[in-house]
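Asks: One structure, as C-alpha cells, below. Some questions next.
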Amino acid sequence: MTNVVVIGSQWGDEGKGKIVDWLSERADIVVRFQGGHNAGHTLVIDGTSYKLSLLPSGVVRPGKMAVIGNGVVVDPHALCAEIDKLAGQGVTITPDNLRIADNATLILSLHRELDGIREDAAGKSNGGVKIGTTRRGIGPAYEDKVGRRAIRVMDLADIDTLSAKVERLLTHHNALRRGLGEPEISHDTIMQELTSVADRVLPFRDTVWLMLDRERRRGARILFEGAQGSLLDIDHGTYPYVTSSNTVAGQAAAGSGMGPGSLGYILGITKAYTTRVGEGPFPTELTDEIGQFLGERGHEFGTVTGRKRRCGWFDAALVRQSVATNGITGIALTKLDVLDGLDELKICVGYTLDGEEIDHLPASQGQQARVVPKYITLEGWKESTVGARKWADLPAQAIKYVRQVEELIGAPVALLSTSPERDDTILVTDPFED
Ligand code: IMP
C-alpha cells in the first residue's frame with residue numbers, strides 16, 4: 001500500500017506525534033485533513049524539540065511537502081505565529097514545503113471569542129452543556145462552514161467580495177452576540193484582521209485535491225495525519241462532548257480531496273490505557289491512586305491547554321468500535337511502559353446497561369453515563385519495558401497483555417512504542433510496506 005492514514009483510536013493524545021514523525025520520514029507528503037490548532041504534539045528530532053499545533057509534521061523534515069487540507073479550520077494568525085516560531089528554530093517554511101487548500105475555512109478572532117464565552121458561561125449560553133473545549137474557536141468556525149457563511153482561504157485574494165462576505169458573516173454573529181449581551185463587532189475590525197495576514201497566507205494556497213491527485217499518480221507516498229481521536233468524532237464520538245470535525249479515517253479523503261480508494265493502510269494509534277481531556281463520559285475512568293499513578297507516570301497533561309488528563313483502564317469495547325468505524329488495518333500501541341509495576345491490570349470488555357449486557361457504547365448520552373464496565377483482570381509485570389525494541393525484551397505478562405488487547409479489539413499490533421524516543425519501537429509491520 002502506498003498511502004497511510006494515522007488516526008487516534010481513543011479520545012486523542014494517544015501518542016500520534018512520535019509515530020507520525022517516524023512515518024513522515026518514509027513519506028513524500030504529509031497531509032492534515034481535519035481539526036485545527038486544537039491539536040498539539042511535540043516532535044523531538046536530533047535533540048531539538050518542535051511544538052506543532054496546526055502544521056503537519058512533515059514541515060520540520062527537509063524535502064517533505066506538508067499540506068493543510070480543506071477539512072482543516074485555519075487560524076491565519078496562529079499559522080503565522082507557528083511559522084515564525086519554527087523559523088526561530090531554523091526551520092524555513094515556504095510554498096516549496098507547505099501548501100494550504102484554497103477552500104479551507106478560516107478561524108477568526110470572533111470564533112475564538114465565542115468559544116471562550118460559551119465555555120466561561122459554564123454552559124449557560126450553550127444549552128447547559130460545557131464541553132471543555134480548547135477555546136481555539138474550532139467549533140464556531142465549523143458552524144460557519146456548515147452554515148455556508150465562512151470566510152475561506154481563497155477569499156483573502158479578492159478584497160471586493162471579501163467585504164461582502166464579512167458583512168454577511170457579521171449579520172449572523174452580531175445577532176448572536178446581541179443575544180448573549182456581548183458588544184457587536186465592526187466590519188473594519190474583521191477586514192483589518194484578514195487583510196493584515198492575506199499577503200502571508202496566500203502564497204501557500206493551492207488546489208490541494210489536484211496536487212494530491214497528480215502526486216498520487218506519480219507514485220508519491222502520502223501520509224494523512226489525523227488529529228484528536230475517533231471518540232471525539234462529531235458523529236461517532238461521545239456527542240456532544242466531542243470536537244466539531246469528523247476525526248475518523250474516512251475524513252482523510254473528504255478533508256483532502258483524495259478519493260477513499262487511495263487511502264491505503266489505516267493505522268490506529270492506541271494508548272495501552274485510556275485518557276481523556278475535557279468533559280464527557282469515560283466508563284473506565286479511575287479517580288483513585290491508580291488513576292493518579294497513570295497520570296503521573298504517563299505525563300498526562302494536555303499539550304495545547306496544559307489541562308490534566310483523566311486516566312483509566314484500557315477500554316477494548318471502545319477501541320473495537322474505532323477499529324470498525326475507521327477500518328483500522330493495524331494499531332500502534334503506545335505507552336505500554338506506563339503500566340510497568342502495577343500488580344494487576346484490568347481491561348474493559350463490554351458494559352452492563354440497566355442490568356443488560358452490551359458489547360459497545362450506546363449512542364445515547366444518558367445511556368453512556370449509565371453504563372457499567374465489565375472487566376477482565378490480568379496479572380501485571382514488575383520488570384521495566386522502557387526502551388524495549390524487540391518482543392524478547394518484554395516480560396511474558398506484558399506480551400500477554402498485548403495479545404489480549406489484539407484479540408479483544410480485533411486488530412493486530414503493527415508497532416509497539418516503549419518510550420518517547422523514536423527508536424524505542426518494536427516494529428511488526430511497516431504500514432508503508434504492507
Ligand atoms: P475543541 O476541539 O476545542 O472544540 O474541543 C472539543 C473537545 O475535544 C474537548 O473535550 C477537547 O478537550 C477535545 N480535544 C480537542 N483537541 C484535542 C486533542 O488534540 N487531544 C485531546 N482532546 C482534544
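The backbone N, Cα and C atoms fix where each Cβ goes, and this holds for glycine too.
Nobody curates TrEMBL annotations by hand; they come from automatic prediction.
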Asks: Let me know which member of THR243, THR287, THR325 TrEMBL also records as binding IMP at the site of ASP13, GLU14, GLY15, LYS16, ASN38, ALA39, GLY40, HIS41, THR134, ARG148, GLN228, ARG307.
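Replies: As annotated by TrEMBL, ASP13, GLU14, GLY15, LYS16, ASN38, ALA39, GLY40, HIS41, THR134, ARG148, GLN228, ARG307 share the IMP site with THR243, chosen from THR243, THR287, THR325.
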Asks: Where the criterion is a Cβ under 6 Å from an atom of ligand 1, which of the recorded positions GLY12, ASP13, ASN38, HIS41, THR134, GLN228 meet it?
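Replies: Near ligand 1, sequence order: GLY12, ASP13, ASN38, THR134, GLN228.
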Asks: In whole Å, how far does the CA atom of GLY15 (GTP binding site) lie from that of THR134 (IMP binding site)?
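Replies: Distance (Cα to Cα, whole Å): 18 Å.
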Asks: From the Cα of GLY12 (GTP binding site) across to the Cα of GLN228 (IMP binding site), what is the distance in angstrom?
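Replies: Cα of GLN228 (IMP binding site) to Cα of GLY12 (GTP binding site) measures 4 Å after rounding.
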Asks: Under 8 Å Cβ to Cβ from ARG307 (IMP binding site), same chain, six or more residues apart: give me those in sequence order, or none if nothing qualifies.
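Replies: Set apart from ARG307 (IMP binding site) by at least 6 residues yet with Cβ under 8 Å, we have GLY132, VAL277, GLY278, PHE301.
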